[in-house]
Amino acid sequence: MKLLKDKVMAEGIVLGNQVLKVDSFLNHQMDPVLMKEMGAEFARRFAGEGITKVLTIESSGIAPAIMTALELNVPMIFARKHQSLTLKDNIFVEKVYSFTKRETNEITVSKKFLRADDRVLIVDDFLANGEAAFGLARIVEKAGAAIAGIGIVIEKSFQPGARLLTEAGYRVESLVRIASLEDGAVAFVEDAPIHSCD
Ligand code: G4P
């Protein structure tokens, strides 16, 4: 998605060789025009999948997910990372380990909002090791609902998440795919040099 690539190039800050800081438009300040375009793009890619719910995880997944849900005209649910005072019983709970933050979160979704006849699109801001996406997928499966696909804003293709999710049979659609963050530079998958055989 060109608009997003341009934004990453203009405003993304590479930290070490692994982390892309995008807090000027995705993770802290948010760009509503970009969010709207991303929602339209996910809706276009998953059109015809019969999606009935969009599922994400707080907090940065919420903006792209709500825009996608708006386009698809379905509800959006976000998994909570912190125990809610009013959400105590009748919840699906999964453990999600974050390699980036080195912490485990218990993520929860109320059983009220996921039903066995739902077709769920999972949306998240970053895909690194795939822990968050797998945790959300386990919740959907516990509900007996179907997973229509996984929409990711920024895939770090040099980490294993995308491959693991694809191998597990999920359709993964990423708006941009990053091949490398080596030497402080962002290289997109499409731009990676093609090595000839000779
Ligand atoms: P995984 O879910 O794919 O396994 O990823 P990981 O555990 O490594 O990531 C945990 C958190 O770090 C997630 O945010 C994820 O979005 C974020 N993250 C991973 N790689 C990057 C990166 O290169 N840049 C940025 N900016 N974030 C990254 P979270 O804990 O859910 O935080 P938030 O949604 O509350 O902001």
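Cβ atoms here come from the backbone N, Cα and C positions, even for glycine.
Where the annotation comes from TrEMBL, it is an automatic prediction and has not been curated.
Taken from TrEMBL, the feature xanthine binding site applies to Leu20, Asn27, Lys156. Secondary structure at Lys156 (xanthine binding site), as computed by DSSP, is strand. Spatially close to Lys156 (xanthine binding site) yet at least six residues away along the chain are Gln18, Leu20, Phe126, Leu127, Ala128, Ile178, Leu181, judged by Cβ distances under 8 angstroms.
Other Cβ atoms within 10 Å of the Cβ of Glu131 (5-phospho-alpha-D-ribose 1-diphosphate binding site), summed over all protein chains shown, number 19. Taken from TrEMBL, the feature 5-phospho-alpha-D-ribose 1-diphosphate binding site applies to Ala128, Asn129, Gly130, Glu131, Ala132.
As annotated by TrEMBL, domain 'Phosphoribosyltransferase' applies to 47-157.
Here the Cα atom of Asn129 (5-phospho-alpha-D-ribose 1-diphosphate binding site) is found 18 Å from that of Asn27 (xanthine binding site). When each of the binding-site residues Leu20, Asn27, Ala128, Gly130, Ala132 is scored by how many other Cβ atoms sit within 10 Å of its Cβ, Asn27 comes out lowest. Maximum C-alpha to C-alpha distance over the listed xanthine-binding residues Leu20, Asn27, Lys156 is 16 Å. Compute the center of the Cβ atoms of Leu20, Asn27, Lys156, which mark the site for xanthine; besides them, the chain residues with Cβ within 8 Å of that center are Gly12, Val19, Lys21, Val22, Leu26, Asp125, Phe126, Ala128, Ile154, Ile178.
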